[in-house]
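Participant: After the structure tokens below, expect a handful of questions from me.
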Amino acid sequence: MQTYLVGGAVRDQLLNLPVKDRDWVVVGATPEQLLSLGYQQVGRDFPVFLHPKTKEEYALARTERKSGAGYTGFICDFSPHISLEQDLIRRDLTINAIAQDNQGKFIDPYEGISDLKNRTLRHISPAFAEDPLRVLRVARFAARYHQLDFSIAPETIALMAEITEKGELQQLTIERVWQETEKALKEKNPEIYFQVLLQVGALKILFPELYALYGVPNPAQYHPEIDSFLHTMLVLQQAVRLTENTEFNKSAVRFAAICHDLGKALTPKDILPHHYGHEKAGIQPIRTLSNRLKVPTYYKELAEFTCEYHSYIHKAFELKPETVIKLFNKLDVWRKPQRFEELMLVCVADTRGRTGFEQTAYPQKDYLRQLYQTALQVNVQQVIEDGFEKQGIRDELTRRRTIAVKTKKAEILPRFVGQ
């Protein structure tokens, strides 16, 4: 019985990146042997065990043979005679098929180390096509390692496109699609994930609402990048920069960024490149996308609010105090202050997600935050003590908050408009 460190731990070690989880493969053993050594079996479809002390995962070396559609139709053989090389070849990419023995020696039968040096994501064998989820996984790896100048091998791109064309992606469960997408949103370059999916034809199938933005023009005066899909990817880039090293819900903000302009795909062709009313028009595509992929409610709500109100927020200096309070009420910022801050981040990203506007200031954020903080100072308890009841409490709160915002606006607006 021999154990080898495999997968991401070896790959990231060779890239001088922090190693998060360590996975092991066991060659020449049976489930009974591992159980007798105190390992705990957790794998349902094939034997995976937890080490009695470290709780790290140890899997018996196995081969997989395609037996049906999708990514679950496999027959596994995990008998003791399966070699390390046989186990490694079933993996997706060469860079994920490097093993390390107990002496620190690397076993690299499929030239993964060479591909790491050349910054190439390359599939190991034609068996890659047997698991359509790998199309999304490779797109996600491209997003993760883009900062290290990795690119996908042309033959792997071609195979991903072939898998897509054959309709294999339709076999994926929505849970797995969202799981891969949410992971991609947490990477440093999530826009690469969507661009790769576009390149191989998968975006149209999995994210038709986002794909519909491709080729839809914007006025060049405000959007030198012109294309609505490209603008959305630039906004996503900016959202990443704005949410790094913050306590905000990064994935929710980034999801809102990719959804904020979905309504532009529905703009009547005769009024292009203008997009009057795209804010309201975008609500339904967001709901359709979110419901189909079972996106978390918090993400969906933030995306909808961003879509509907981002243009209002861009014009914050023109809003009447009554409109500002109405906006705050709709966002329920009194109970959800984080939502206010996250919405502001997407609006900043929207402004900067345009070619040549990457460093643009966004004073609307500080202006609205000051109005918000002023409105927060209106004391609910005082309203109740003044004798108001039920609906009267809410009406009086709105009245007092509006007065407070009106006073604050008169005080600070000249300073902001003069910037």
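Cβ atoms are placed via backbone N, Cα and C, with glycine included.
The feature CTP binding site is assigned by Swiss-Prot to G8, R11, R91, R137, R140, with sequence analysis given as support. According to Swiss-Prot, the feature ATP binding site maps to G8, R11, R91, R137, R140. Annotation comment: Swiss-Prot describes D21, D23 as Mg(2+) binding site. Feature annotation from Swiss-Prot assigns domain 'HD' to 228-334.
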Participant: Sort the residues of the domain 'HD' (228-334) into helix, strand and coil with DSSP and give the three counts.
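Facilitator: Helix (H, G, I), strand (E, B), coil: 81 helix, 0 strand, 26 coil.
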Participant: So, in DSSP terms, is R91 (CTP binding site) helix, strand, or coil?
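Facilitator: For R91 (CTP binding site) - judged by DSSP and reduced to three states - the answer is coil.
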Participant: Would you mind checking how many other C-beta atoms are within 10 angstroms of the C-beta on D21 (Mg(2+) binding site)?
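Facilitator: Total other Cβ atoms inside 10 Å, all chains included: 10.
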Participant: For D23 (Mg(2+) binding site), which of these binding-site residues sit within 10 Å, Cα to Cα: G8, R11, R91, R137, R140?
Facilitator: G8
Participant: Please work out the number of neighbouring Cβ atoms within 10 Å of the Cβ of R140 (CTP binding site), leaving out its own Cβ.
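Facilitator: The answer is 22 other Cβ atoms.
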Participant: Tell me the Cβ neighbour count for G8 (CTP binding site), meaning other Cβ atoms within 10 Å of its Cβ, over all protein chains shown.
Facilitator: 16
Participant: What other residues of this chain sit with their CB within 8 A of the center of the CB atoms of G8, R11, R91, R137, R140, the recorded ATP site?
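Facilitator: The answer, listed by sequence position, is G7, D92, L93, I95, N96, F141.
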